[in-house]
Amino acid sequence: MPKSNHSTAPLPFPILIGDIGGTNARFSILTDAYAEPKQFPNVRTADFATIDEAIQKGVLDKTAVQPRSAILAVAGPINDDEIPLTNCAWVVRPKTMIEGLGIEDVLVVNDFEAQALAIAALSDENRERIGSATGDMVASRVVLGPGTGLGVGGLVHAQHTWIPVPGEGGHIDLGPRSKRDYEIFPHIETIEGRVSAEQILCGRGLVNLYNAICVVDGIQPTMKDPADITSHALDGSDKVAVETVSLFATYLGRVAGDMAMVFMARGGVYLSGGISQKIIPALKKPEFRQAFEDKAPHSALLRTIPTYVVTHPLAALAGLSSYARMPANFGVSTEGRRWRR
């Protein structure tokens, strides 16, 4: 009977690695510690009733390699033997996977733990620097990912070990500071009366911010898709879209600076996800770094902390692969999150 336990033993190879998002799931297989991961085509979560079916048809039916273990990154709380995902209908049931897919060892981690693992050793070709600060590369870091929501994860460096720290940093309060903020914030859609960072710093948050600006300026909104807003902002064809993305970058800078101070992230703050990649030109304008550094009495500290956009196309899989190869380099807690035959 499969059981949940705490184990420091390495996962046995071959290892199935999965990054499970709300819309797409990405999988690879790592055959040994020295091999390059074998990538599989992205799987649309809506195309399969269960994650087990997606793994069987999207991975196992396409390879002769039978994984002995699996490490899966999911968006959702990992509190029991059934793990519902936040943004799709799948439920991860490790015991069922072990019984039905021939896998003997399953580890489930938070999606932003995987992103945090990825930023431990990103090369320059997989990141775009924002601003001129270079920082101390062997030091604690933090990653923020505006996407379906706002994910936040820390990566603490201590005793020659990288320790990923998952959390719910995307739900911290975000309040107005400038005169323009005080005009706009009363029109931001709230959750139970409060504006969290995620109410602005994600895809739907971008639309939320755009609509609030339209209300303040007495303009009828014409866009409902975050991609439309960003594209019109970047080409300068819509003034409300331009201001929306400019303020988005400002507010992202404020939150990123806060997280840098929480984690003393001298090794850098990393922005992950498709939104960050798409708005790199806006992030390179002064607003983002100005907001990031505007943290009196610690502005001098913030000026030394580098900021990057993660450009690696499969960052979470890369982070999980790094852990799978060399688990001793990372302080990943497996208690209550690892199931073995």
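Backbone N, Cα and C atoms are what each Cβ position is placed from, and that goes for glycine too.
Computed from a predicted structure; not experimentally measured.
Secondary structure at ASP19 (ATP binding site), as computed by DSSP, is strand. The Cβ of ASP19 (ATP binding site) lies under 8 Å from the Cβ of ALA25, ARG26, PHE27, LEU72, ALA73, ASP111, ALA114, LEU314, ALA316, LEU317, LEU320, each of these being in the same chain and 6 or more residues away along the sequence. According to Swiss-Prot, the ATP binding site annotation covers GLY18, ASP19, ILE20, GLY21, GLY22, THR23.
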Sparsest Cβ surroundings (other CB atoms within 10 Å) among the binding-site residues GLY21, GLY22: GLY22
Which of GLY18, ILE20, THR23, all binding-site residues, has a Cβ with the fewest other Cβ atoms inside 10 Å: THR23
